[in-house]
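Database features, via TrEMBL:
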- 180-282: domain 'Pentatricopeptide repeat-containing protein-mitochondrial' (DOMAIN)
- 187-221: repeat 'PPR' (REPEAT)
- 294-328: repeat 'PPR' (REPEAT)
- 329-363: repeat 'PPR' (REPEAT)
- 364-398: repeat 'PPR' (REPEAT)
- 399-433: repeat 'PPR' (REPEAT)
- 434-468: repeat 'PPR' (REPEAT)
- 469-503: repeat 'PPR' (REPEAT)
- 504-538: repeat 'PPR' (REPEAT)
- 539-573: repeat 'PPR' (REPEAT)
- 574-608: repeat 'PPR' (REPEAT)
- 609-643: repeat 'PPR' (REPEAT)
- 644-678: repeat 'PPR' (REPEAT)
Amino acid sequence: MLLMQPPLVSSRFHSLYYIPRRHHRFFQRPISAFSATASCSPSSYFSSWNGLDASEKEEEEEEELSTLVRRRYDFSPLLKFLSRFGPVELVLDSVNLEPLPAVSLDPVEFELAESYKAVPAPYWHSLLKSLCSSRSSLGLAYAVVSWLERHNLCFSYELLYSILIHALGRSEKLYEAFLLSQKQTLTPLTYNALIGACARNNDIDKALNLISRMRQDGYQSDFVNYSLVIQALTRSNKIDSALLQSLYREIKHDKLELDVQLVNDLIMGFAKSGDPSRAMQLLGMAQSTGLSAKTATLVSIISALANSGRTLEAEALFEELRQSGIKPRTKAYNALLRGYVKTGPLRDAESMVSEMEKSGVSPDEHTYSLLIDAYVNAGRWESARIVLQEMEAGDVQPNSFVFSRLLAGYRDRGEWQKTFQVLKEMKSIGVKPDRQFYNVVIDTFGKFNCLDHAMSTFDRMLSEGIEPDRVTWNTLIDCHCKHGRHIVAQEMFESMEKRGCLPCATTYNIMINSYGDQERWDDMKRLLGKMKSQGVLPNVVTHTTLVDVYGKSGRFNDAIDCLEEMKSVGLKPSSTMYNALINAYAQRGLSEQAVNAFRVMTSDGLKPSLLALNSLINAFGEDRRDAEAFAVLQYMKENGVNPDVVTYTTLMKALIRVDKFQQVPGVYEEMIMSGCKPDRKARSMLRSALRYMKQTLRAS
């Protein structure tokens, strides 16, 4: 509640208006001047105030209104009265939000209230917006609204509260905004203000919940709300194609007309979610209705296409951008360059950089880092170093990110020893490692079981004042778990919490897997409870991990319960989850249960993967049912699933298990004929079969 001090001792106020009081005339803008506001819905009025679709004419009218307010009305006596004991602080609580009733008034306050009776509501709105423009005067703005309610001087309170809620949202005071919204029944205007406040503070779940409640109350959300929510999703990298499709269906169901801003937000959202097909579809629809896409939107589609390996389509859109008269900037070139790096044509990547320079577009550090990626992927280390030299010659200082990409290339090629060389090179040109670089170094050492080096890097990171983030902690915990150092992983998990870094779903998933490997079932259940209590919802990976650890330990009932629980909360089991379960059955030779899990997988609409089918072959092999194992191979051929070296190796193992050594060379030959290159294990199977055949001949 806003804590109001006792009334001031009676004194005379100076004249309220700048015009002489003796005229007894008040300036009031003609009613027709507000017709534009009156004719539009509260929702659209507030939307335009949000600044998303305000025209120049509306801005001029707003400025004109503010000027008239300053000229004809003097609110300084009221503001002085409300802040007479110093700056007014905004203090709200959930218990008492009601304004004090005007039962008995000090004569001074009574005179003040009487003097403001003739002020039209739009002028109060303008005053409130002016106060809300500064974070320091939010308390005074709330005091004005409470005072108006106390004296019943303005009839459009929902707009006043909407203005306040909007301002609180912009000032990152979302909790206070929700408390304030409890003062009145939610209307479209206050709903919109709250949704906007949630979206601006990236509280997407609350925003979506409010849109749903708004619909349940019989109100239609407007396009601004959807724009704000999609923008928030994009900003927070929580964008998901399925969620966007749901929002788009709601927009079409409500028959909302897409404006330029919303259509661009939707297209960019689909592109950022990794769904370029829907982004392209929506782009075509928008262009057919005369809506134009912004350059940033087109660049996001090019980037999404390139990331999906659809380089030809990315090239076509890039060319369309150029032919429209827009000169592509560095970001557009980088988006297409990323596609060339991903798909592998090094010559195209080099040509793209040359074209940039010819077009007068300067490459940035991201351009050079992508080119370094391309050279590292091709194994051309010297060319990558030449790029570093070109950066320095072109006055583009190589930063830590560029070196992290170079190091990641070495890591992925298994050349982790070159980490020290990269560090030395960075030091020689004065580039300081940042958090991202250290994360790559720790990951590199962790992958190759150099855990002492990983911990030394972590200590050095701390000594340089760089605070570890979730990626750092997750990488350290995971690499210790994978190499069986579960006690150290547990200590790192506890240290993470002590340093104030809250574990995310990935952290919990790693620790759940660790407890499962150790068969610490009670600790695992406690951890799951803690995860939920902290508001971190188990995701598909969590359930997959649970199914995997339960299956490996033979706790198949728990694994099935986990699957059912997942379905009950609306999550769809993935192929990976069923693969884990089928493989767990296979390891124990439970072929019937593996087949049953396979059938459930297909009934759930999931296409059988190569991994699942290989696990099924292994299950039959372990159960000495070689005929059924070969039946799976036939199923693969009939359904367009290409067998790999694991398929044939598993079949050879199944034959050896039932002493059918003479058939193994035929399977080996078929593997070679199908284009699979035998690995060490396949060759070992063949040698074993031939050795048994030779022994059999000698024995006979």
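Just so you know, glycine gets a Cβ as well, placed from its N, Cα and C.
If you average pLDDT over the repeat 'PPR' (469-503) in this model, you get 94. Sequence-distant contacts of the repeat 'PPR' (609-643) (same chain, six or more residues past either end, CB-CB distance under 8 Å): 575, 578-579, 582-583, 585-591, 594-595, 598, 601, 650-651, 653-655, 657-658, 660, 671, 674, 676.
Proximity of distant same-chain residues to the repeat 'PPR' (539-573), defined by a Cβ-Cβ separation under 8 Å and at least 6 residues beyond the stretch ends, is recorded for 505-506, 508-509, 512-513, 515-517, 519, 521, 524, 531, 580-581, 583-585, 587-588, 593, 601, 604, 606. Long-range contacts of the repeat 'PPR' (574-608) within the same chain: residues 540, 543-544, 547-548, 550-552, 554, 556, 559, 563, 566, 615-616, 618-620, 622-623, 625, 628, 639, 641, each at least 6 residues beyond the stretch ends and with a Cβ under 8 Å from a Cβ of the stretch. Beyond the ends of the repeat 'PPR' (364-398), by six or more residues, the same chain brings 330, 333-334, 337-338, 340-341, 344, 346, 349-350, 353, 356, 405-406, 408-410, 413, 425, 429, 431 to within a C-beta distance below 8 angstroms of the stretch. For the domain 'Pentatricopeptide repeat-containing protein-mitochondrial' (180-282), the DSSP-based tally of helix, strand and coil residues reads 74 helix, 0 strand, 29 coil. Sequence-remote contacts of a segment are chain residues at least 6 beyond its ends whose Cβ falls under 8 Å from one of its Cβ atoms, and for the repeat 'PPR' (294-328) they are 264, 267-268, 270-272, 274-276, 279-280, 283, 335-340, 342-343, 348, 359, 361.
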